Amino acid sequence: MLHKAEGFDRRKFTMAGILVAMGVVYGDIGTSPLYVMKAIVGDNGGLARVSESFILGSVSLIFWTLTILTTIKYVVIALNADNHGEGGIFSLYTLVRKKSKYLIIPAMIGGAALLADGVLTPAVTVTTAIEGLRGIPAFFERFGNDQTIIVVITLTIILILFSVQRFGTELVGKAFGPIMFLWFTFLGIIGLMNFSQDWTVIRALNPYYALQLLVSPENKLGLFILGNIFLATTGAEALYSDLGHVGKMNIRISWPYIKICLILNYLGQAAWLLTVKENPEMQALAEINPFFQMIPRGILVFGVVFATIAAVIASQALISGSYTLVSEAIKLKLLPRLKIIYPGSNIGQMYIPAVNLILWLACSAIVLAFRTSTHMEAAYGLSITITMLMTTILLLFYLLDKIPAWSAYLISLFFAAIEVVFFFSSAAKFFHGGYVAVGMAVFLLCIMIIWERGNEIKEATAEQVSLKKYVPQLKALKEDTSVPMYQTNVVFLTSDRVDGEINRNIIYSILDKQPKRANVYWFVNVQVTDEPFTQEYSVDMLGTDFIVQVQLYLGFHISQEVNVYLRQIVHDLMKTGRLPKQPQRYSLTPGREVGDFQFVLIQEELSNVSELKKWDRQIMQAKLAIKNLTTSPESWFGLEYSEVKYESVPLIIGPQRKTHLVERKNRS
């Protein structure tokens, strides 16, 4: 089934798709002009220490970074690596994971780094935009260089932004596209106005100036200047991650306009810098932001407001992207289950309360700790270089199936070499605040490792039994009137996907722990497919009319509301005569033919008799501890309003520790 988002076909070029792309895909990269040249000039010692060749070289590096990484790697190559229309590092992983079990490592590292570095985006973009208020005379006269008012305004905007997430962004989201189209047009026009004052700045497109700057003594940072240059392309990974919202055609057709507007703005900033670099008043300024300084004074207020709106939209796109990334990681069993809410009519519109709270707290803490955009820029971008490098590794295995091996290795080596240089040039940021993003990435990676390895240990040692072997006992129990009727339908959620086999604990629960007499025994397993929007099922009744093994096939974008799906399956089976009707004498619904349901959820606790390696035992203990802190199976599977019973069973993994007691004889 073709999935449609926002009311348009993602596979085709449409104006609606173009507008959505501008509102969702380009937010991060579209706000980079707010701070990139500011960071480059500031870290070189200010306006008094930059020359013409330095300015031209900086813009040249920006242009070629956008060309090589954003345009060639992502727009031209990576967008082809879509998983049924979905993009991003986890979707790419699902395409190549059969190549090697070790590919889970770059996928986890890249996903954790992308989530962690994203925390800085709302903080740095909104703070930079609000700092533009200082260029307004009335504001400057009232507050001067007082950073506290900037921090307060920024925190207020961030609080409002995260508070409205629970209500969904479907309505306001429709306005994002047109607003960002106007924003990019504004970037291009303002840039062109200043660029037209010195057309010779076009020389910056010559790569000679980029290479010259890297070895020039005028460049105080040397290769480390690339850490600031990289800020111009941090949104490239988000561009690939948001592929599923709009489709590759809409991104590829809209990108040339976006890039032209961005380059015009950077050229305009360069022309403005060349014009004022000898101005003593400008040189005396403690901090200079070419973006706001080059805007005509008469429309500066408009420019600051517009920049703030663009920063909020960019932050919203990142927040939505974080929800999607976490959701995909959960479906791939890389993160524990979290409560996911769908406030809008679009499946892509989701809200994860836990993620929202963590992002808000982290963003607010960063604003309070770093205070100025200059300090935030010094910390920004490090983790994204790691994500890009991990994407390149996964992309290599994708390309090996599409083009000759030598071409795949050559292309991957080319991008990896560039990204390694960017990584080491950004490494200095670790000591200037980059440790925050790296620390968060390591924390998230540890959770992913614990969860993935814990699942691996459990699945490798889980004791499976043949369900068919117990059909006679289940039939006898069903017909044994001496045992009280437990429920008309008893449902067990199983974690295994082996046909005809289930976990031994389930049979133990039915026959041994408390005999559960029922008319129908249901064993339901959910398999997350590589296709994002699959909604299918299959059944195996083992030749009976009282045992139903249900296999749900749900895409990694689909919520696992088992109760809803089970209702449909019951009616389908009754309609075809495979399941007897269950007429109810007492019901609010006259003629109701479906009986009551009891969902039995088995909770596992690590048994002390399990002989596990010390490391594996710690992994399992950590996994179970994390599991207790996250969403319950009842909430995850949409069973909040169903009859649910929890049963605790010992989780015995590996060989059991043997015990031997000796009877003490009575001594008379």
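Heads up, the Cβ atoms here are built off N, Cα and C, so glycines get one too.
Positions annotated as transmembrane segment by Swiss-Prot: 17-37, 59-79, 104-124, 148-168, 175-195, 221-241, 256-276, 299-319, 350-370, 380-400, 403-423, 430-450.
Sequence-remote contacts of a segment are chain residues at least 6 beyond its ends whose Cβ falls under 8 Å from one of its Cβ atoms, and for the transmembrane segment (148-168) they are 122-123, 126-127, 130-131, 133, 308, 312, 315-316, 319, 341, 343-344, 349, 351, 353, 356, 359-360, 363-364, 367-368, 371-372. Within its own chain, the transmembrane segment (17-37) is flanked in space by residues 5-6, 8, 10, 58, 62, 70, 121, 124-125, 128-129, 132, 173, 175-181, 183-184, 187, 228-229, 231-236, 238-239, 242, 245-247, 249-251, 253-254, 258, 262, 265-266, 269-270, 273, 289-291, 307, 310-311, 313-318, 320, 373, 377, which lie at least six positions past its ends and keep a Cβ under 8 Å from the stretch. Taking every recorded stretch in 59-79, 104-124, 175-195, 221-241, 256-276 and counting its Cβ pairs under 8 Å to the transmembrane segment (350-370), the highest total belongs to 104-124. When Cβ distances are compared across the two stretches, the transmembrane segment (299-319) makes contact with the transmembrane segment (104-124), since 3 or more pairs at least 6 residues apart fall below 8 angstroms. Within its own chain, the transmembrane segment (175-195) is flanked in space by residues 18-24, 26-27, 30, 33, 201, 257-258, 260-272, 275, 294-296, 303, 306, 309-310, 313, 316-317, which lie at least six positions past its ends and keep a Cβ under 8 Å from the stretch.
Contacts between the transmembrane segment (256-276) and the transmembrane segment (59-79): present, as 3 or more C-beta pairs lie under 8 angstroms, all at sequence separation of six or more.
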